[in-house]
Structures are given as structure tokens and as C-alpha cells.
Ligand SMILES: Nc1ncnc2c1ncn2[C@@H]1O[C@H](COP(=O)(O)OP(=O)(O)OP(=O)(O)O)[C@@H](O)[C@H]1O
Ligand SMILES: [Mg+2]
């Protein structure tokens, strides 16, 4: 496997609100390797967006704050590789990386572009922040990027305003902005959730193309396992602020271990079982911070036993590159239990 | 854009006609007889009748209105009953004084108010935010005559820094061309008079600008708070833009529309002549001109004064509307 370009270790991002401290992201670790697409999946409210905003240094503060952990970004400096901790570096330095080497596209294409500026201006602005270019070059770059993301009539669209474009087109523009400085890492926070299905497929196709042709590593945030199967090399499954399982797409989809992951996969609609009622995991995602003791999934888990309610399971390795946070798979004692579960 | 502008200007015609009709009618409904006023208490009924005929006052209402509008269309605002002078030329020095003071007050109000509002929103809940919003609250609730008197007491009387009355030094009057003293002293090449005129503007300008400043600051802050939370601001931050560019270029431009509305309304109000401020600072403005005309029952002056002021108000609104569509591409032409 390639070297990691971005390594997140023990990241915790909390919100300090009137109702107390909310651990939206709690001790999360993952790595993205060169040219890789890493999926982060989980239900609404499990902390996916906060994780990606943490990496960008864009957590709204107040109320949010990174309280622990490091975000290591690999840089080439004079031929050597150095890690920069994005949590610790200066705001100025972070601004230089943000939008340049790490870029992000957001969940809400309809509202993510400034309505008062032309498309061209908004792309050129991103270019000019990080590159020395003349007016003419900048415009050319803007047109090229629009062409890259498959916008028809790019040299007219540069002079148009966001409200003249559809949601799908706007998301393409967002990708063009994100790609304007050819970043090493692209964070895509549910880039297709707000779009209709055919447009979704086109946007995913585009991102796949960028990953293949430009070698951009992508952190793909989604709650859609279909997107994961389509796009990702590896997947991290998040639940209530924690990663509960991590592995290659194959293992996660074919051989999921954590009861939550299994529930997620069971709830996928399948073509040949059209008549059956769709499965859904009983219960709701707990509010972050509401479960103090024990596994956070325990109240919804079908395989729950005493220990789950008292202790916090660790993220343990099962096989090469496959990790799971569940007592069922601890070496001693629990193996029998796991087998019974697997058989049922 | 151009066709939109022309359309908007054409749409002013009915507004102006309606406005003048209302003004004309109100003046006519006021009890009292202009001819009587001119001739005094002792005038004979014959003399009054004769004068009424001369002034066209015995004609039917709509004929009178028609005559008046014909005059207006040619820039004729009528004659003052008291001075017998042409109102159109008499009113201008007063109007210019008011416009000059209004511009000064509004520039002050906008610069201070907008920046205070922006920084308060940007650094929400900071000491600066609390302090400037407290000042803004005091500003809107402060009686303007009290503020004016305090200014005069502190800066004119006690410290002696600034003049308290009038537009300039009466012993060295500005040679008038446009009646805007700053402009005239520039035309005349008199830097000393520019400075004197400027100093005379400061106290009344600040007194007059305080309420608009406070309103603008609060409006800017609340509008900015809304904008700074929006998704596109996060996009710009994600590009790696500096805070100043995020806050001023994108933030303020998006927050400016409600602020513009307030600026337009406040400018219109100040142009109406702030009688209180003009009186305290002996400022020879249009408010006092019309106020004195009311005292003298100088009906043509009252009528034309109101029409001129209302017309300016209408035009300010037009400018604000045109600015909206210039700033926001989503506003349809
Ligand atoms: N500005 C905020 N103030 C307080 N709490 C917040 C804030 N933003 C997020 N949170 C908390 O963080 C948790 C995780 O939110 P996040 O937006 O990361 O969820 P998500 O996984 O992206 O969900 P979705 O799929 O709906 O986008 C939320 O449940 C919420 O409690
Ligand atoms: Mg989200």
C-alpha cells in the first residue's frame, strides 16, 4: 500500500454548549494513503461532518474545539518528507494548506456558492490565493477547471452567477473550486446527498475520474453504502462519534463484523428480494455524550451482553487492516459467542 | 440594467404626481386665507377679493392644481408671500446647507456604524461587541437636542476646539457658487475656508449622524451574523482566504442590502431637515426655512418646501433600489 498523506490520530472534537460538553468526535483515528479513496460511513449525526471540518480547521469555534489528537499531513520539503500537525500549526500556515493541498466540497451545493459573485470569480479567487497568476491565466484556469468537471459551455458559465445553475452544476462548480489548485487530498462531505439519482451517479463518476487521472486522494463521507461500494478502497464506519469498524471495502461489505455494520448492510435494499420488508436497525442514534458507560451501540444491538453495558470496547485488529470495536471478537471468552451470532 | 433604470424612473412619474396632489390638497385644507395673510388684518374685503383674483385663488381647485403643476414642470416653485421672491432660487441655499450637512452626517454614520457592526458580528460576544452595541443602544435612545447641547458645551465652550454655530465665519463669508461651502471654498481655492467649513460641520454632523450610526451598526451586525453563518462563507474559508477578505468582501457584500435600506430611509429623513439640530446649531437648513414659513403662513413656501423634500426622498429610494439590483444579480430587472 502507498504511504499515508493524511493521518488522523486520536482526534476528539467537542462542542461546548449550554447542555454541556458534546463529544461529537471521540478518539477517531484513520489514515488516507496516496491516490486512495477512503469512505467514512455512518448515520446522520454520528460526527462525519465534524471530523472533516476538523481536518480543514473549520470547526465553528465557539462552540466547537479540537480537544485532543493530531492531524498529520505529509509534506514534501526540500526533497524530504515531513509531517505537519494541522492541529498545532499557525492559522497562517493552515490557510496556505487549506484550499491548496487539502480541499473540501460540502453537503449543500445549493447554498455553498456566494450568490453575489460570478462562478469565474469564485474559482479564480481560489487560484489567486495560492498561485501567482495573471488575470488572463486565472481566467483560463477557471475555464479549464470547469471543462475538467464536465460543465457544458464553460466559457459562458464562468461569467454566470450561481442562481443560474442547477444543483448538480453547482456541485460541479464546487468540485472545480476544490480542484483549482490540484490538491493532494479532497474531502467530499456527502457530495451527492442533496442531488437526484442520475446527477448523483454523474458526480460520483466525475470524482472517480479525478481520483484516477489526477491521483487525488479522496476522503468520501457518505451514509450511502452504495456510494462506498462504487467508489472506495477502504471504509471506516462511524457510530456516535467513534469509529466502530475499519477495513477494505471488500471485507466491510462481504464480511462485516461489528453488529452495527452488519445492520447497515442488512438494511440495504436488494434487487432480488424486492418483496421483503426493508430491514432497519431498531432505535435511533444516541445523542453524543448521552451514553457514558459501555458500548454506545449496546442499546440497539441484537447481540448485547452484560459486558457491553459496563465497559467500553477498544478498536481491535481482527485481520490485516481490519479493525472492529466489539467485545464479540475479543480473543478470550467471547469467540464462542461470536460464532453463535455468525450462525444465526 | 439601463432599461430597468429607465423603467424605474418612468415609474416615478405617478408617484410624484400623487405626492404633489396630496401636498397641494393638504395645504388647501389648512384653514386661513393667503390673501388675508398678505394684506393683514385691516384689509378690506374688496382688496382681498382683488388679490385672490390676481393670485388665481378663486379658480376651481383642479385648475389651481393644474396651474401649479405647469409651473413645477418648468421649475417654477411659485413666489413667497412674505419676501415676494422666487421660491426656486430662495430655497436653494437652505437646501444646499441641509444636503451638505446630511452627506457629512451620513458619511460619518456609515463609516462608523458599518465598521462597528461588522467587527461586532465577526468578534461576536467580545468586549468590542458588547461595548459597541451598548453605545449603539445609547445612541438610538439619546435625545438629539441633549446630545447637541452636550457637544457644544464640551467641544465648543469648555475645550474650544470646534465652532458651535453656523456654517462658517460670518466676518469672512464663503463666496457662494453652489452653496455647498466645502465645494465653494475649493472652487475659490481657499484651503483655510475648507477647513473652517469642515470644522463647522463636525458638531451638527455628529449630532445628526448619531442615531443613523447606531441604527446602521445594529442592522449591520445582525445582518452580518446571519451571513457569517452561511454555507458559502465556509466555502470561502475552505479556499484558504484571509479573514478580512471573508468578512469584508463576501460577508459584508451579502449583508449590505438591509443596511442600504436603513441608510436610504435615514438619509431621506435627514434631508427633510432636522429642525431641532438646525435650531441648536443655527444651521440655515431647509427644515428651518419651512418651519419659519409655517410661522409666517407663507403657503407657497410650505407647499413647495414639502414637495422638494418629498421628491428628494423619492429619488433616494430610487437610488437605493437601483443599488440593490446592481449588488444582487438575483434581483430581476
Ligand atoms: N455547531 C454545533 N453546535 C453544537 N453541536 C454540534 C454542532 N455541529 C455539530 N454538532 C454535534 O455534532 C454531532 C455530529 O454532527 P455532524 O454534522 O458531524 O453529523 P454528520 O455525521 O455529518 O451527520 P449528517 O449525515 O446529517 O451530515 C451532532 O449530532 C451534533 O450534536
Ligand atoms: Mg454532515
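Backbone N, Cα and C define each Cβ position, glycine as well.
As given in TrEMBL:
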TRANSMEM  B:9-30  transmembrane segment
TRANSMEM  B:91-118  transmembrane segment
DOMAIN    B:95-324  domain 'ABC transmembrane type-1'
TRANSMEM  B:130-149  transmembrane segment
TRANSMEM  B:201-220  transmembrane segment
TRANSMEM  B:255-281  transmembrane segment
TRANSMEM  B:301-324  transmembrane segment
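The recorded stretches the transmembrane segment (B:301-324) and the transmembrane segment (B:201-220) do not share 3+ CB pairs below 8 A when only pairs 6 or more apart in sequence are counted, and are therefore not in contact. Sequence-distant contacts of the transmembrane segment (B:130-149) (same chain, six or more residues past either end, CB-CB distance under 8 Å): 113, 116-117, 119-120, 203-204, 207-208, 210-211, 213-215, 217-218, 221, 274, 276-277, 280-281.
Annotation: stretch B:91-118 has the most Cβ pairs under 8 Å to the transmembrane segment (B:201-220), among B:9-30, B:91-118, B:255-281.
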